[in-house]
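**Q** Here's the feature list from Swiss-Prot:
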type	residues	note
ACT_SITE	473	active site
ACT_SITE	488	active site
ACT_SITE	531	active site
COMPBIAS	109-120	compositional bias 'Polar residues'
COMPBIAS	134-144	compositional bias 'Low complexity'
COMPBIAS	188-209	compositional bias 'Low complexity'
COMPBIAS	234-249	compositional bias 'Pro residues'
COMPBIAS	258-267	compositional bias 'Pro residues'
COMPBIAS	268-294	compositional bias 'Low complexity'
DOMAIN	329-592	domain 'EndoU'
REGION	83-329	region 'Disordered'
SIGNAL	1-24	signal peptide
């Protein structure tokens, strides 16, 4: 019975507590809660009695809410708030009037288009027993000077950004101060005045904002190009060297002016003394041909016509003048060659027997000549120039793809041959003609240097091998890629035929050149290599052949040069070989 009585008492107390709480909730006036920063929440844990309340649907925590009112600045015009209005705010009533824009926020900076272009709007007046003092747009709004609306906590603006860049509303790029980087890029720079407003102590700080070097360092200014680094100064122009120091005993035309030409030169028709040729006045000449210097330079192919006065223009050799229309006409060349013919004194045609035998063609393969072409008397080989020329025949590698190695003894043999040839009347007359045409100077050394350069300068015919020269090609022979080339001298042909290495196959054409020589066009094979067409002088001296080829190469390179020997007209064909800035003799032979 005691237990039942206690249970009944406990049940009654529980029901009484439950009804009391329900009645309290029904009578409570609900209002909009304040912001979190204006609400202070105190939580109290329930006692053991709260467990029974929770069991019957009641919460066991008691929440006490107190509003922290911001400090209110009173003014003489402020209206005194009644205790009733301060303790219990009236219920929130939403007006049915149309909503009005509140305008920009009070802390909107001047860089924002919303804060700079229009005046702030006044918010609608709520029914309240208090009246706040309006703030002027020119002064920063301070929420602590306005009383809060009923049921709302006071407005607290956002804290300013920690750096000096304006991040509000994207007000567009601001003009950057001088030296802070490129204009129109990056974030806009805020003004140098920053205002910090807090809810409790109000502090206004004004000062220069330090430049943030860590975030956006200023770009360096453009560097002007340095003349020393980018555009090095050019060296001072060198003064042209003066005239070379004259060498005793060897006067040179480069050191003395040439005689003034008086009239065009025509080669004399009467032979002069072989020891002392009669000098001819220096003729006038044009610039249709580039003369070949004697020291290391070269000439290009001449393109004037094969007739009389060609019309091309090229550079004239330094130190010479040009006043005519042609360096040399065809008639002048023929007159010169006739003069050379009269000076030919070492012809060996009388000591040679020519056995032409049967005719052939270049396309034939049959042997139309079972016997040798030439039968040479030993007296024909006793001429001083022929003796020195024969010493050069064994100095060459005939394969053009094998490098030539000139020994000192071979170089001496070349010089001895040149000295012997340059001393002959034929070669001296040819050099005198070239001197009159401005191709060479009066200095005899330049004549020799010209002949040596044209005929004995080594060059390459392919694969980078220095294995050819003009003399080797014309007066001996060469083999290029299995083809025989050259072989245009009768002395070497006679030696090879005597040794059984030259097999004569027949002739195609022949022509006598007066009584001092012959020209034959033949077909032959040499050590198993066939040459279908080959033209060669027979019986002429080395100096005459060398003089004809040199003059024609200087005046009519890369085409047929008109020649007349003993009133027999034919042509001389020369080909130039360009190598390392020089025009050298690639080939030369008579053409009938």
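Just so you know, glycine gets a Cβ as well, placed from its N, Cα and C.
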**Q** Check residue 531 (active site) against DSSP and tell me helix, strand or coil, would you?
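**A** Looking at the DSSP assignment, residue 531 (active site) belongs to a strand.
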**Q** Identify, in sequence order, the residues in the chain of residue 488 (active site) that are 6 or more apart from it along the sequence and have a CB within less than 8 Å of its CB; answer 'none' if there are none.
**A** 474, 475, 534, 535, 536, 537, 588, 589
**Q** Return the single residue from the active-site residues list (473, 531) that has the minimum number of other CB atoms within 10 Å.
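**A** Counting other Cβ atoms within 10 Å of each of the active-site residues 473, 531 gives the minimum at 531.
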**Q** Between the Cα atoms of residue 473 (active site) and residue 531 (active site), what distance do you get, rounded to the nearest Å?
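**A** Residue 531 (active site) has its Cα 14 Å from the Cα of residue 473 (active site).
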